[in-house]
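Going by TrEMBL, these are the annotated features:
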ACT_SITE  337  active site, proton acceptor
ACT_SITE  425  active site, proton donor
BINDING   336, 340, 359  Zn(2+) binding site
COMPBIAS  674-684  compositional bias 'Pro residues'
DOMAIN    511-655  domain 'Peptidase M1 leukotriene A4 hydrolase/aminopeptidase C-terminal'
REGION    662-690  region 'Disordered'
């Protein structure tokens, strides 16, 4: 178990310390590496985490243990949590934990080992309002509590309908034979799963017969006789990365340290899609960024009700089963979550205002992995699709919108999840790519990232830590004052709104992207192109990302004349109908936005088939924004019983309430919603509602 540093003024929202020690050397590099921390005369001020009510600076957490019983009949988790913690400041009389109104606290007691008191002491507590996404649990500590002396706090509680816990009736699962439950903690939801501090943890989970439990843990065991699962995470993790799923789950090993979990009806498809790729991707990542620190790299595919595309829980990545339709999108999503094993999980952003430190670095790492595994052209094509989406979002929001900043300052009470958007991914990626460009050589920058992980692993950082380390790692760049280059100042990168100040050269993907743009140019005119001219473009031989790029750019040109839409339909509709949902949804968005009624039966069929948020919300948004609202209401009435209640509420808001629909239907904290490949130009999103509605990205 990694030891947590005790400097109270260095702790942050993830409650893990900021580093002060020197960095080890990169393999193959004979030079010394810089020490970390602010330079002389630049003391770091204590961080304020406005998303947390807890007094985490007053304690060092040694361990968290959860003991839970799952009751599917009443949709409850009940049990207790034990915290082993050490006060690090004198005069601490209260422990404050982040909690949620959906947690029913039954009792709290305390033991002070070595105090001579054998029996636990019952403690008084109160629950105070904090924000619309949580509350504060204030626990009065006994007088025996002294700095440096271990205490054990036991909180007995029951969960109800909180934002972190998603109960699925059997008809909402893929196999439709048994119910299932999963948790989704990003970014501040897990306070409705257990009162939060961040720490290594263990867990005991009791379940009915036939239910398998998985957690984001480095070790696990199972007692068949007692139906008890035991888990332990030996490394310190932020609380949002504690995850649980329980249901009818089976597995197949796909590598020496990875297995695929899914409901029985999905398992063979998932295994066939991934094959031995997971170990290959892990191996490439290790060559680039150093050893994989988490031991296991398992993947569990969840039903369409999973509210985002994927989540990088350590040792156990959650992925929505809907993405299995598209091999290329599946590849990108899994590689992105693998990259989080280094960037986001091993080294975590210290506050939610700098989420790009996780997502931007993971996106850069993802693209380094795909470049090594599949070539530069493939990576440039995928990057072009995402950067197109970034600029599309900028056109909707405007260059001066503060949500486009990498360092987004938000006031107390603002839900951090509402600020999760494409900028944290793609603008963050562009900044990291700019740092790589400054280093002069991508391999040299790989080496920097290896040492960055080695130095900061199992700690939380702010942007200045990354920048300080970068400039000390490359002293010639510090001497050249690259952080102050006019128009490319690091401070402007971080606090300026608008587009990235630098974008990487994507010309290596020209052989894949040029035909796409050439075809778009042919369809750009107000008249349909000559069919003979189109014969040189064989879309059946194109990759998914090429077709997606084509359709996204055609969506940008909508509305189109009806004869052009008729020609597009005649040329491509039957082809698209046989391709994956990522292609189909974009074509159907074109159908809806252009009010092309001959294709309306395909829209109906798609929404009857797909029940995930990522493939329903974008189409309903477009149907309501145009002249087809009555069609949307009719489809909703026919399909609503097969939708998760949270998605049902979202669609009801879109259909029946004025103004932008809330993306948060399992409580205020869950606005991390995928998917719309191309947001509707007729709807101007508000900053707080941007989230992931406008693009299909994974967490």
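Heads up, the Cβ atoms here are built off N, Cα and C, so glycines get one too.
Just so it is clear, the model here is predicted, and its values are computed rather than measured.
Counting residues of the domain 'Peptidase M1 leukotriene A4 hydrolase/aminopeptidase C-terminal' (511-655) by DSSP class, helix then strand then coil, yields 114 helix, 0 strand, 31 coil.
Counted within 10 Å of its Cβ, the other Cβ atoms near residue 336 (Zn(2+) binding site) come to 26, all protein chains included. Here the Cβ of the residue listed as 'active site, proton donor' has 28 other Cβ atoms within 10 Å, regardless of which shown protein chain they belong to.
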